[in-house]
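This report refers to the structure that appears directly beneath it.
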């Protein structure tokens, strides 16, 4: 028997990369590398990534995110090859490809990182059932979050901590989170395979191939500002960790939403894809800060990691977290259906330069500052257009590099005042807010070049410029740049009234539902519940 066939006949372990696209702090991958059978023999290792050739209905991803994914896959494959193995990219659906892989590769162990998203849990449960049928053991490890969300719930008496401060108090009562493990320098020689290392069937697709497969024109991509991959994630992290003063003094509300270069780390895309371990980030911050005076959560850098953990915990435990209907924590608001206004907002054509510049940056670059997200989200929902946050969530899910299911839904509910944040009368001005940090409008000129020649005094409100100035600037409002879709001063007060009514209606509905449930209970039932609570 030749070496190639001998390798195929060996018992193997498969590590399935999904979000955790890194080798540092990847306990599931480490387990696959070191796993042995009952005889003490090392399994052969095959790291895989499953690329669905079809655009799944639950995935909205624009060209920028597909590029980030492709770059991350290339980086991962390069790193694995330095260790003597490779990344096997499999085309297909998990439940369709795994039975064949289990049999063809004689798989005995499948490892992957735990995913708390609903569609992922459904997918993973299906794969686990298939694995059991084929005699394959499955091991999942928590490493996408700092804390195990189930342990957080347990520490909170089985209930969800519904405020950020409550979440902080819960995790601070828990043992310190696990420390990250380093990336392996070498792999056990006996786990390495000699076959398939040069088999093009399993190669990472080229960017052109992937984008064409997903229906995008590669020529329309803008320059890449944030390359994907673990190598770039760690480089970017260390670049910021070198500046201890900046780390210690960081307060996110004091950063600028419209600076020409990011005023924050832009590590969120690397966290979303798992190119950077949250635990590694957390302990590097602890190490850099040491005993020095520093900012505190929620505004500090560690506070930003806690926001992520908070949303993951609530999202993992709340039914229909990414929807309004059937979501127990979400205010039920009678939003308008206005396709034209939604399209104008999505494409940066609302007539409000600050809002439009943000949305154009998002489409071009795949990233916008968190305060910029606040401004456009408020504008779409309770502030101006009165359109459902679910519509905005879908656009962000498509265009953001860091589109993260839990954080995306949680932030949209917060910014629409549908959950978490209830001061719905506090509305961002689409004019005044941007002026605070960019009075001359340089950010607007960058992303809306048709307004580049407008004088500073009109750059945020071009409709107020005299016709002669508009013509001199080469941009007449209503011809070269759109008129305002709404007049902010007229609509936002009306929207505040509508939001107040929605709050009262939701509160009344919950009260009525609770009363109905109470009436449906017999007296013994109520006594039993009281006893159960006392236990």
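Here the Cβ of each residue, glycine as well, is placed from N, Cα and C on the backbone.
Under 8 Å, Cβ to Cβ, and six or more positions away along its own chain, residue 309 (FAD binding site) finds 145, 146, 147, 152, 167, 171, 278. What TrEMBL records for 264-268, 304-311, 402-404 is FAD binding site.
Taken from TrEMBL, the feature compositional bias 'Basic and acidic residues' applies to 517-527.
Secondary structure of the domain 'Photolyase/cryptochrome alpha/beta' (11-146), assigned with DSSP and counted as helix (H, G, I), strand (E, B) and coil, comes to 55 helix, 32 strand, 49 coil. For 11-146, the entry in TrEMBL reads domain 'Photolyase/cryptochrome alpha/beta'.
According to TrEMBL, the region 'Disordered' annotation covers 505-535.
Annotated site 'Electron transfer via tryptophanyl radical' per TrEMBL: 335 (among others), in sequence order. The Cβ of residue 335 (site 'Electron transfer via tryptophanyl radical') has 21 other Cβ atoms within 10 Å, all protein chains considered.
The site 'Electron transfer via tryptophanyl radical' annotation in TrEMBL covers 389 (among others).
With a cut-off of 8 Å between CB atoms and residues at least 6 apart in sequence, the same chain places 377, 381, 389, 390, 392, 393, 396, 418 near residue 412 (site 'Electron transfer via tryptophanyl radical'), listed in sequence order. Residues annotated as site 'Electron transfer via tryptophanyl radical' in TrEMBL: 412 (among others).
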Distance from residue 403 (FAD binding site) back to residue 335 (site 'Electron transfer via tryptophanyl radical'), taken between C-alpha atoms, in Å:
23
Would you count the other CB atoms within 10 A of the CB of residue 403 (FAD binding site), including those on all shown protein chains?
23
List every residue in the same chain as residue 264 (FAD binding site), at least 6 positions away in sequence, whose Cβ is under 8 Å from its Cβ.
252, 255, 369, 370
How does the model score the domain 'Photolyase/cryptochrome alpha/beta' (11-146) in terms of mean pLDDT?
93
